[in-house]
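Undergrad: Okay, handing you the structure first.
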Amino acid sequence: MKALRHALLLLLSTHATLTVTADLMIGDQVCMTGFIMDTFCIERGTLLDAPSVTTMKNPELHSYHCLLDVGVCIDSGYQVLGSKDPMNGLHCPGLRIDDTDKVLAAGRAHGTTMDDPNQAFFACSTCSGPDDNPIAGYKATIIGTVSELGDGMGRVTGAPGAKSVTGTPVLTNIQVLDSMVACDPTIMVTVEADAGGNECLIRSAGDVVAPPPMMDDIPTVTDATAAVVATTTTTVAAPPPADVSDLMVGDEICITGFIMDTFCINRGTLLDAPSIVTLQNPDLHSYHCLLDVPVCVESGYQVLGEKDPSTGEYCLGYRLEESDTVVASGRAAGSVEDGCTTCTGNGMGTKGYRATVKGVIKDLGDGSQSVSGQPLLTNIQMLDASVECATPAPKTVCLEPPPAEITTTPAAINPPIEGEDCSSDFCETTLTEGYTLKYKINEADATVTMEATYKGEAWLGIAFSEDERMGGSNGILGSPGGIPQKYRLNQGFIEILSPEEQTLTEASVETTEDGDQTMTVMKFTKPLVEPNQIPITPGENKMLWANGGESTTIGYHGNSRSPFSLNLNFDGSSAPEPVEPPSLKVGDEICTTGFIMDTFCINRGTLLDAPSVVTLQNPDLHSYHCLLDVPVCVNSGFQVLGEKDPSTGEYCLGYRLEETDTVVASGRAAGSVEDGCTTCTGNGMGTKGYRATVKGVIKELGDGSQSVSGQPLLTNIQMLDASVECATPAPQTVCLGSPDGAGSPDGAVPGTPSAGEKAPTVDCSSVTCETELTEGYTLRHKLNNPAEPDGTISMELIYEGDAWLGIAFSEDERMGGSDGILGSPDGIPQKYRLNQGLIEILSPEEQTLTEATMETTEDGDQTMTVMRFTKLLVEPNHIDVTAGVNKMLWANGGDSTTIGYHGTNRAPIQINLASGASDTVSAPNMGAWLAHGICAFVAWGMLAPSAVNSAIYRSLFKGPLWFKIHQFANASAYALTVIAFAIAVAFISKEGNPHWFSSHAKMGLSMFIIASVQVLWGAARPHLPGPDSGDEKTTIRKVWEIKHRLTGTILLACGFWQMSAGIKLFAGKYSGVGSVQEQGVTIAYWIWIGAEVALLLIGGVYFKLLRKPVEDDGGNDAKPPTQEKEDDAV
């Protein structure tokens, strides 16, 4: 019945435009990789540990501490989230997990107890993983059986970003695996948004293959290791493994083969030799990388099988459980003299560790065509490779072979004519039936224009190769509705190139109708020669083609691919010569002179001590204090930069430096403590821009990426004065892309309204409109093509003074979650995400401002600061700027040019960007919070102290008057406390903030509960004995009096602290902490409280310590009349 149901769905899918979903049923086994999230934070909408962060937008920012330590998160259960919807940036609800204990065990084993060096997250107190593992964004592969379908009936899980989990299926009998473990395609599912972004659909591997790693697959708060591991690898389908059915748990196995770490197998190429395919040449994997590098060691090991002659690749073999045994054996076989720093042997082993392994099968694997599908050996013995096995082990999995016949020329129906000039007109070749390629060489600018046309609707791909194999090729892939982009192809997975390397122009993917036939057309123009890419040359070029068949989602191509050769007929005279990368190798001696920069500030993009300064543009402005005193910079490691690239104005990346202590010692000796560097010891002139000559030996070549980790690592370094010249300058390494230009908005300026006044209705898309934000601070703006998808707005802020300036777009007129543009006179405007109390600079990819400048000018005796920029109206993961009323915020630094706290120099404002009309906006709910504070002050600053004083000074009152005052003051204080508490609860909910999150809110709740109990205790107090009875107080009465007085004292002390904290919170919300208003109220408050406390102490000392002994000696034998009447006065 289930098979029939799937067949009908498949039939329907050929007549529909929507992709058929997986349609899960109870009992199905499924596998999915994604972020793990607790139900509490999903339903809450924001992260408990980062209230300004939307849960389904940035699960990578959820700390392991909150996920795995906090009871409310643990008790709510967990879910593996679906993919992120590119339209709104929100993840889909995924699959619920019914076994919380397994999630906790796996997550805690993966997380680290180390503190966050950036102090953004608390440490995970229950985690036990390695120190360099991630601290936030737990991602895992989950395998389980569907036990419930949810109200989406196993097809739909809800809308992207939904807070409800009721639509998600439930998995039982789960396995929690590392996210690097790929799902078996036969059980793999994904949860993705439909084309309109309206609902999330469950899809199977038959409908969609796991996409290549995108930006949302890379966590923002992990180390480089975690970022690589978190990238999901999709394995290709292969024939069933030979002899695998003969294996059983408990079998004894003996096998001889190369030992390889799981990381390099899944990566596809060797970490220490990125151009080498792992399974082709395991003999070239260094002992150093295999046994020294943490990412390799911690991934686990496998003994490979024999080489498959049909593919030239070694087969997967057996996983090895005891990594410590493997490491100990390998280090004993290797030699420290040949680069393996932890090796202890005197052997000749430097590359290609080979051994004979004996062990017992503990687990047969998950059945997939990947590392996790291979049998696991336990109780292993590691023997020399010369030891022969009595009974060789059965062979396990060999990956898919290439096509039986590899053609070296295209199977072209219309091949290029010999001698045809493809630089004057398009040439055309047929790649396969229904798939053609047109191409033309543009010799004037040394580019090639290509147009691939396919009969059908599918993703398309063209690649340039060195050996007609996928691994190491440069691909251009595109899907209908998107644009072609460049990828690095590896054996079994693909990797999108960085934004700086996306150099395609005139790039598009379109679908057209030719009668009843849908046609997909991909067009692009590409430079012939690019750094670190395979050059396109005159004559024969080895290439690959592929398409998705009927799939528009870029993924596994099945049989829809083939190598081919293309003869590009042009003379090549205008093409630049291929740029050979520096010929560096491990062991080379290097000498280079340059600025010393910490890795933290390089990756951050701007200097930590000068956020408006781009790191690689002005390393000369980086202070010795920040470089050498600040832990987050020191602990990140250092690099010596290269020369400045004149085409970009940025310094090139250089060489990583291994010995941080040597760099720090040298820098501190060159700097001076008198100039702000607290740890410096020298008397030099160094205050900013530490520059030195560095000598060292290359220990590693880097991972090949266009980033810090891709640069060579120098060891055994010497730090010399920058005046020391190198005999042989070091080869230049990587230079990054160019920055934007500058400009300003233009146009006539209509009349300027004052703050709060309506501007005249004008068309701000034809002229520049102007709004006075506050006295001495003006905003000018102009809309550019607001009706077009690429419409922009040009803005100019003018301030009377020398200060940093800021403008932000908001959803609710509050700072938290707003998109800000901030700039300082010595830098350029940049985009920030604003949070309550802190700001976060956006990534370089999101810095899309153009014509961005900061200037200071002199107008007579007045300095003017002017910030200009042009911004897109609509951008992914940003608040849309509309041609209508926009909620905005403005701020400036007053007299400060360093971007930081604005004090009272800020306010919300609403501006109609189409007409220029504006309204200043008062901060919301100010009256309610003022009433809350007044009620609290009257209750705990006036009535509660009066109640206590009436009891202390009761001897001064006649009859029961003191008790009536005590009773009335306490009752009134409690009534006002109830009112203040109700106001707080109501308006915290109204403002969408979490309850009981701050210490002030928690104290308020505690005081409300204790005060309620105190009132009930007062009403139910034990009575005193009659005045004429002569009886002593009962024990119950004595105990009651102690509790009553102690609780009252604690409440009063808490009230004094609570009111002080409330003043600061109110000031921070409306007038600014440190403002004149806040300081005045705080001084008056503490004068009042000081007087109250003085009365309490004077009365307590006199009546309880001085006067009582006199009474006890006969000075006053009669009981106070108040005692006689206390009970009757109630």
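Cβ coordinates are placed from backbone N, Cα and C, and glycine is handled just like the others.
No curator has checked TrEMBL annotations; they are predicted automatically.
In case it's useful when we look at the structure, here is the feature table from TrEMBL:
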DOMAIN    433-548  domain 'DOMON'
DOMAIN    775-893  domain 'DOMON'
DOMAIN    895-1106  domain 'Cytochrome b561'
REGION    739-763  region 'Disordered'
REGION    1111-1130  region 'Disordered'
SIGNAL    1-22  signal peptide
TRANSMEM  929-948  transmembrane segment
TRANSMEM  968-989  transmembrane segment
TRANSMEM  1001-1020  transmembrane segment
TRANSMEM  1046-1063  transmembrane segment
TRANSMEM  1083-1103  transmembrane segment
Undergrad: Sequence gap of 6 or more, Cβ distance under 8 Å, 3 or more pairs: do the transmembrane segment (929-948) and the transmembrane segment (1083-1103) meet that?
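TA: Contact criterion met.
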Undergrad: Using Cβ atoms and a strict cutoff of less than 8 Å, what residues sit near the transmembrane segment (1083-1103) while being 6 or more residues removed from its termini?
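TA: Those are 937, 941, 945, 948-949, 952-953, 955, 1056, 1059-1060, 1063, in sequence order.
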Undergrad: Per DSSP, what is the helix/strand/coil residue tally across the domain 'DOMON' (433-548)?
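TA: Summed by class, the stretch gives 3 helix, 67 strand, 46 coil.
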Undergrad: Mind tallying the domain 'DOMON' (775-893) by DSSP state, helix then strand then coil?
TA: 3 helix, 67 strand, 49 coil
